Structures are given as C-alpha cells and as structure tokens.
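Engineer: For reference, the structure I am asking about is given below.
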Amino acid sequence: MQRRIMGIETEFGVTCTFHGHRRLSPDEVARYLFRRVVSWGRSSNVFLRNGARLYLDVGSHPEYATAECDSLIQLVNHDRAGERVLEELLIDAEARLAEEGIGGDIYLFKNNTDSAGNSYGCHENFLVARAGEFSRISDVLLPFLVTRQLICGAGKVLQTPKAATFCLSQRAEHIWEGVSSATTRSRPIINTRDEPHADAEKYRRLHVIVGDSNMAETTTMLKVGSAALVLEMIEAGVSFRDFALDNPIRAIREVSHDVTGKKPVRLAGGRQASALDIQREYHAKAVEHLRNREPDPQVEQVVDLWGRTLDAVEAQDFAKVDTEIDWVIKRKLFQRYQDRHGFDLSDPKIAQLDLAYHDIKRGRGVFDVLQRKGLVKRVTEDETIDDAVENPPQTTRAKLRGDFITAAQAAGRDFTVDWVHLKLNDQAQRTVLCKDPFRSVDERVERLIASM
C-alpha cells in the first residue's frame, strides 16, 4: 500500500499556576479548557470542521486526533494544527479565569510524562489490508519500533536514585507489553484491538502506541514515515533478518538509556544485536526498496534523514542532525545550559527546561523560541498549518466529514458524526455510512448537504 491512510492521536499534559489564593484541580482546569467546546458541541467529545476529533481523555488529558491523512507533510500540518487548536482553548480559558477573579497561567505540554511519573501517549494509526498476516507485521515491526527511539525519541532527563541520566525516549519507561489489546492498563507497543474505522472486511487499523510526542516537524515525519515504509516493505514481501527480541520490554528501556546505540540487547535464542545494528538493517532495506518504488520526494526525505541520524549516532557527531531530531536538539540545549551555568543534569532548572521545551504556547514554549531563531528545521509553513486548523485534508474521507460539519453548523442543524457515520438529527434521522477512508467525493454526502 503506497498510498496509506495515517493519523496521529496526541494526549496533552495540563497544569496551571495560580496568582491568587484560589487553586483548581487538574479536572477543573480541563473543564475550563473545554468550556468553549462544550458550549457549541454540547459535549467534551467533538469532531471539528477540519475533520479532527477533540476530546477530554481519561485523567483530564485533552486529546487531539488528526483527520485521516494520506501523505506525510499533510499529516505533519494536521498534527501541528492540533497544537494551534489547543492553544486557542488555553488562551480562552485563561481569559475566563481572569474574568472570574482566578488569576492563573495554564500550560499545555506536548510531552509524555508529568512530574508525578504518569504517562500519556502519542498514538500512530496506519491503515493495513485485512488480507495480510497481522502476526507477521507485528513480528517484523516490533524490533523496529523498540529501536526507533534512536532516530525519533523526544529525549528526557530521567532522575534515578543514583544520578540523573539523559534518555532517548519519554515513553520507554512506561511500556509494559509487546502486543496487546489494552492501551491504558498494560501499555503495549502495538495495540491489537480491532477497530478499523473503515470496511472491516477489507482493512485493519494498526495502532502503534510506543512513540513519543514530537515537537520537531522533521522528527514527526521521520517517526511516522519510517514506520509506514517498514509496513509497506512487509506488505511487499521484503524479507528481514530475524531480530526477535528476548524481552521487548527490557530492550526498550535499555535502548532508551544508551545514546550511543551500541549496547547489545538480547535477542531470542541467546543472540545479541545493538539498536544501531537493528536500525541499520531496516534502513538498508528501505534504501533498496526505494530503487524499485515510485519516486516520492517525501519518502526520500525520510530515508535520507534516517540514514544521516544513524551516521550521527554511530560517529557521536550530531552536527548534521542537531536541527532535525528532537532528542538531539534537546540534549544540545541542556549541554549549552549546563556549560553556561555550571549546572548538573539533576538540577531542577534542567527539569524545568525539559518541560518548557514541550510548552505549546507560542512566544513562551522553548521549542517555539528555537524555531523562531531558525534553530530547528521545518517541513510546513505557518500558512499551511493555519489552513489545516480550518480545513480537512482534501484527499481523504475527512473532506466529507469536514464539509458536512461546516454545512450543518452554517445551517444551524443538529447533527452527529463519528469516523464513519454522518447523521442529521431530524425526523428522518438520515445517516450516511462512509466506509472507504480513501474516498473524498460521495454523492450521498452531497445530497445530504444539499438537503439542509
């Protein structure tokens, strides 16, 4: 499948600092954030005009699920649009707090762990054909995903009883299973719960919940693009060396703690391989695969950055990727800060900087400052992100949903939508079932819109 439907779900961390005596719980802060949403959507679980879903997840975490996308740069634009949507809610909620005499600053973090050690996720979704062997996908994908943090982790300072150490991934410490149907209780790497949000006879949805939330657009593109390419190769019958891991959960932590990528992890049957070895194998296959594939500049960009990142890790010389890979950007930031102020990695100021990197409010978040200074590379533009805030992808089913929502709101009509259903809540209860996520034109939807 060279044209694939993809999407990213991001849970955001919420906190609030108060100027006055009154303090609010995270639940109350989340309710302030969603008050505007509830006022027009009558719920804290809504679909937006751009085809995305916005809702309040378990544990007061706002979650934004992008609309269905079929290209990487389109997906990065819609992922960034989620930050803008949440930032608008934040500004609105702060204004309401001020009006009610509760002075406070609300912070939304696009990260994966809070100070209390709780974890929340960034989930990638890939449409796969029902016909393939799902177990083969899992077997080949698992070693790739366990070691992928080497090229696209968000980076984190981990405080241990002995000392503070810099790790590649925020999520690695919180993953407890390889493949499972649960998402919160056990946190697997690949979630197998079968909800395709499409024609179930034709498709499955691969739900990857091991990735970090990325701030750098190039890292997001590499994270999703490399996984999509490995999937494509599995579907094309490319054979891979057997890197079955002895213990994926131990391996994911060991890889996260080793920025050299060279420490061996145990494979099944007593063999060993390093994260670098494993990633090199997948990358080499990708380079080979591109020779026989239709040219695609976005995919070529992914494979190029993938290779350069592995070269940088191997040489421990990061100058060639220190504007493109989140954990490298963050580590460089910490090192400069430590050199300037003589801080140890365990200093609370470093933990503060770690958090501020993920603050999505423009003008305040550290990543935004770096971006404005041209210290991080981009693949989008402000205008294309603004467009993604307002409009759905024009090439997928999201266009049908977005057009329907826009028309129903303009006509003042009551409606209900989810990923596959569009329903007008009138006497006739007319409903259109959209089972093909690749289809952006549908006469039934056009008729439903025309009837409003």
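Positions of Cβ are set from backbone N, Cα and C atoms, glycine also.
Taken from Swiss-Prot, the feature Mg(2+) binding site applies to E9, Y55, E63. Residues or ranges marked as ATP binding site by Swiss-Prot: R53, T66, W419. Swiss-Prot lists D57 with the feature active site, proton acceptor.
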Engineer: How many other Cβ atoms are found within 10 Å of the Cβ atom of T66 (ATP binding site), counting all protein chains shown?
Structural biologist: 28
Engineer: Give the sequence-ordered list of residues that share a chain with D57 (active site, proton acceptor), lie 6 or more positions from it, and have CB atoms under 8 Å from its CB.
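Structural biologist: D57 (active site, proton acceptor) has long-range Cβ partners E11, E63, Y120.
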Engineer: Find, among the binding-site residues listed as Y55, W419, the one whose Cβ has the highest number of other Cβ atoms within 10 Å in the structure shown.
Structural biologist: W419
Engineer: I'm trying to understand the geometry here, so how far is the Cα atom of Y55 (Mg(2+) binding site) from the Cα atom of T66 (ATP binding site), in Å to the nearest whole number?
Structural biologist: 12
Engineer: Would you list the other residues of this chain near Mg(2+) - those whose C-beta lies within 8 angstroms of the C-beta centroid of E9, Y55, E63 - in sequence order?
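Structural biologist: Surrounding the site, in chain order, are T10, E11, R53, L54, D57, P62, Y64, A65.
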Engineer: Taking R53, T66, W419 as the record's ATP-binding set, what's the max Cα pairwise distance in Å, rounded to a whole number?
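Structural biologist: Roughly 11 Å, rounded to the nearest whole number.
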Engineer: Around the ATP site (R53, T66, W419), what further same-chain residues have their C-beta within 8 angstroms of the site's C-beta centre?
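Structural biologist: Not counting the recorded site residues, we get G7, E9, F47, G51, A52, A65, A67, E68, A398.
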Engineer: Please report how many Å separate the Cα atom of R53 (ATP binding site) from that of E9 (Mg(2+) binding site), as a whole number.
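Structural biologist: Spelling it out, the Cα of R53 (ATP binding site) and the Cα of E9 (Mg(2+) binding site) are 9 Å apart.
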Engineer: Can you tell me how far the Cα of E9 (Mg(2+) binding site) sits from the Cα of T66 (ATP binding site), in Å?
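Structural biologist: Cα-Cα, rounded: 6 Å.
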